[in-house]
Amino acid sequence: MMTAPKITFIGAGSTIFVKNILGDVFHREALKSAHVALMDIDETRLEESHIVVRKLMDSAGASGRITCHTHQKAALQDADFVVVAFQIGGYEPCTVTDFEVCKRHGLEQTIADTLGPGGIMRALRTIPHLWRICEDMMEVCPKATMLNYVNPMAMNTWAMYARYPHIKQVGLCHSVQGTAEELARDLNIDPTSLRYRCAGINHMAFYLELERKTADGTYVNLYPELLAAYDAGQAPKPNIHGNERCQNIVRYEMFKKLGYFVTESSEHFAEYTPWFIKPGREDLIARYKVPLDEYPKRCVEQLANWHKELEEYKTAERIDIKPSREYASTIMNALWTGEPSVIYGNVRNEGLIDNLPQGSCVEVACLVDANGIQPTKVGTIPSHLAAMMQTNINVQTLLTEAILTENRDRVYHAAMMDPHTAAVLGIEEIYALVDDLIAAHGDWLPAWLRR
């Protein structure tokens, strides 16, 4: 093993994300001297990230080097870790297209990055690019580990391990650890006092066990306390993210009905089910405080905030940041040093969750050490949770089959099976929506889909 790893960041123009991931990396002793290769097709954004990463490195006392690349294969050469974080088509034009076309057909969305027509189109735009990364990795860094942060996570991860099973990869999200911290804040307790066991699929995993440590060192079930706080109007805490549009009512209501708390936010979860967003049902939107069009609004705000932050970073002598909740540096450190850690990752279901389809993409606890990323077996999860997840896996299965076999019919079928879409539109309307989305996206989609 080399004395320092090479970390390649594909999509380095995602500067805020680069800042969080590499800020964590530079504060780990074993990774301080890493060679960081930044790659993006946008030279301006790449240079912006270079400025930020250099100041992060200097501020942390890291001694590694930085190289910048606009060619993917050169950036990947001899990499040990490949971090992938990009959005094909960006906010404009593709995200705007996903929302505007669906709205014209009577389908409202909140985030549209995981399921539904928005998630389906994003997968079709994204997976070919992920495959090209895998292809290059097979050639120039076949032993590297990919840390994938690109949505739609389940479909992307599934499509990669289906076509490139020899690539070492894990799909990463911060919803498991992030939601645990949120629940601790809702109850005014220390997040470090929690322990939990979580399992499911990306953006629809549930805490099968959620406990807190008491003064005498024993652990007690946190669910009764959480339910009592919600019934008393003490949870969720308002404006917990600094975003007054997202009040987190949906998943507390799901908790009351299901008995288990889901990991992904209410604004995401509302569009994974048939119950919360319906034409002419403004009462549901108001009751559950569902923030329609949340992702486009968020994109506009983030772009404005980033331009302000970038100017501050350019003139700052140093950039000091708090540790993030992202798993990337934990995984790199564990693989590089052998120091064991546990993370939650999205991986192929090979005997991990018995009552979800084998071969599907599941989110489970993984032990990480010098032996690699090792998913842990969960067994059977509660049947009603598995049933809900299956409705989402149906879409993932069909879309993955569509792109692996270049079968346009399966794209329609995936949209037909989406719980939210099926609750709003008829079959012919769904076909018309898919046709319009394909036409509107044009060259952003694979050629076989446009024939």
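The backbone N, Cα and C atoms fix where each Cβ goes, glycine too.
According to TrEMBL, the feature site 'Increases basicity of active site Tyr' maps to D113. In the three-state DSSP reading, D113 (site 'Increases basicity of active site Tyr') counts as coil.
Residues or ranges marked as substrate binding site in TrEMBL: N151. DSSP classifies N151 (substrate binding site) as coil under the three-state reduction. Sequence-distant neighbours of N151 (substrate binding site) (same chain, six or more apart, CB under 8 Å from its CB) are D113, T114, G119, R122, listed in sequence order.
TrEMBL lists C173, H203 with the feature Mn(2+) binding site. The DSSP secondary structure for C173 (Mn(2+) binding site) is coil.
According to TrEMBL, the feature domain 'Glycosyl hydrolase family 4 C-terminal' maps to 198-421.
Mean pLDDT of the predicted structure over the domain 'Glycosyl hydrolase family 4 C-terminal' (198-421): 96.
Here the Cβ of C173 (Mn(2+) binding site) has 24 other Cβ atoms within 10 Å, regardless of which shown protein chain they belong to.
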